[in-house]
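Engineer: So that we are looking at the same thing, I have put the structure below in structure tokens.
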Amino acid sequence: MTEPPAVDRPLRRVAMISLHTSPLDQPGTGDAGGMNVYVVELSRRLADLGIAVDIFTRATSSALPAKVELVPGVTVRNVAAGPYEGLSKNELPAQLCTFARAVLRAEAIREPGYYDVIHSHYWLSGQVGLLARDRWAVPLVHTMHTMAKVKNASLADDDVPEPPARLLGEEQVVEAADRLLANTDEEAHELVTLYGAQPAKVEVVNPGVDLEVFAPGDQAAARRAVGVREDAIVLAFVGRIQPLKAPDLLIRAAARMLERQPELRDRLVVAVIGGPSGNGMEHPEAHAELARRLGVDDVTRFVKPMPRPGLADWYRAASVVCVPSYSESFGLVALEAQACGTPVVAAAVGGLTTAVTDGVTGLLVPGHGVDDFADALAAIATDPGTRETMGKAAVEHAQGFGWELTAQTTLAAYRTATETMAAE
């Protein structure tokens with residue numbers, strides 16, 4: 001076993017573990033979402049601070065090289081573990097041993113003490129992190145991103161509960177990790193009350209937003225770029241197409257708005273931007289059928305996920321961005337939209353209550369009632385004065401969530417974990 005790191009040795013390298021989703025994947029497709037953005041942006045900012053980062057992820061194609069330089073100082077290591085394609089997230093636990101063995105081999109060829117800290121993301125990665133922690137004798141810092149007990153307590157009608165294996169796996173990681181990073185105060189509270197985490201091990205580190213990419217701009221130009229008329233009322237959803245994210249609620253709320261104000265039809269655009277979760281169909285047929293059944297298929301667009309500059313255009317083009325999720329550990333979409341100067345209507349759940357300031361940068365809706373969301377969307381989208389006031393406040397609010405601060409706070413947590421282990 002490697003000797004524990006000396007307390008006065010500077011941090012040099014981090015082993016970042018993101019087993020089930022690659023930082024190279026396009027967010028909004030498959031299982032790629034906010035966690036992908038988090039891992040990429042945090043790693044980039046850590047590299048800016050002089051910390052080298054290796055990101056270990058499961059290879060999903062034989063064509064992928066063993067390693068890819070994301071940016072100078074950040075290397076993605078594609079680990080072969082199980083079939084390259086066709087595995088759902090629920091089938092990945094069977095590949096944990098194979099993946100962990102490959103991660104341990106990667107360190108074994110290095111000089112002793114090559115990595116100073118392990119940072120795992122999501123419970124599957126946490127299980128691998130536990131094995132690496134014991135072998136390498138370096139601290140394990142873990143970020144949950146989502147928690148099964150929280151998700152199971154607020155399932156959408158057509159969603160399925162998380163399996164017992166995940167519940168047990170999360171409990172094991174929470175108990176053994178040296179440091180637990182929570183996105184918000186609420187998540188920190190849930191770690192303590194639902195999982196029995198030691199409060200002293202839990203630290204709140206807010207995610208960030210890329211304030212260079214997601215910034216205010218000319219709405220008319222943005223609308224030309226995405227192909228909507230300048231006087232349109234644009235309601236946008238951004239994210240994976242899955243019950244948890246509830247894009248159907250936006251479609252239903254838009255239909256309700258048109259029932260009440262049919263004169264809006266000529267100007268209304270409902271943009272659902274994202275792809276099906278997991279190995280779903282390329283086109284979200286069920287949601288397209290819902291739009292047809294509700295009579296709003298003529299105003300509804302399904303837009304494939306896209307790189308960030310194009311996404312920023314959609315945020316700027318939108319009158320309001322809707323985030324109706326049943327559960328969110330934070331809600332990066334809400335923050336990105338606000339950084340672009342667009343108010344947000346969101347469900348009053350989880351981290352969205354931190355990401356959105358109710359009544360100031362947008363509206364938080366208790367529950368998931370169609371009428372309530374229709375009311376909130378109409379209150380902002382059809383009132384230019386409200387949109388302008390909230391949009392300005394949204395930009396100011398988002399300025400406090402840069403990734404640079406996230407990286408600095410995370411690095412401090414790494415140092416605390418390292419010093420604590422060295423002192424034991």
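Heads up, the Cβ atoms here are built off N, Cα and C, so glycines get one too.
What you see is a predicted model, and the numbers here were worked out from it, not measured in a lab.
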Engineer: Looking at Swiss-Prot, Tyr315, Arg316, Ala318 are annotated for Mg(2+). Which of Thr300, Thr342 sits in that same site?
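Structural biologist: Checking Thr300, Thr342 against Swiss-Prot: the Mg(2+) site match is Thr342.
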Engineer: Relative to the Cβ position of His20 (1D-myo-inositol 3-phosphate binding site), how many further Cβ atoms are located within 10 Å?
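Structural biologist: Within a 10 Å radius of the Cβ of His20 (1D-myo-inositol 3-phosphate binding site) lie 23 other Cβ atoms.
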Engineer: Under a criterion of Cβ-Cβ distance under 8 Å and sequence separation of at least 6, what residues of the same chain contact Ala318 (Mg(2+) binding site)?
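Structural biologist: Once residues fewer than 6 apart are set aside, Ala318 (Mg(2+) binding site) is near Val234, Leu235, Ala236, Ala271, Ala337, Thr342.
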Engineer: Determine, using Cα-Cα distances only, which of these binding-site residues is closest to Arg240 (UDP-N-acetyl-alpha-D-glucosamine binding site): Gly34, Asn36, Tyr122, Arg166, Arg316.
Structural biologist: Gly34
Engineer: Neighbour count, 10 Å Cβ-Cβ cut-off, for Thr342 (Mg(2+) binding site): what number do you get?
Structural biologist: 31
Engineer: Using all protein chains in view, find how many other C-beta atoms are within 10 Å of the C-beta of Met306 (UDP-N-acetyl-alpha-D-glucosamine binding site).
Structural biologist: 18
Engineer: Taking DSSP three-state, what's His20 (1D-myo-inositol 3-phosphate binding site) in: helix, strand or coil?
Structural biologist: coil
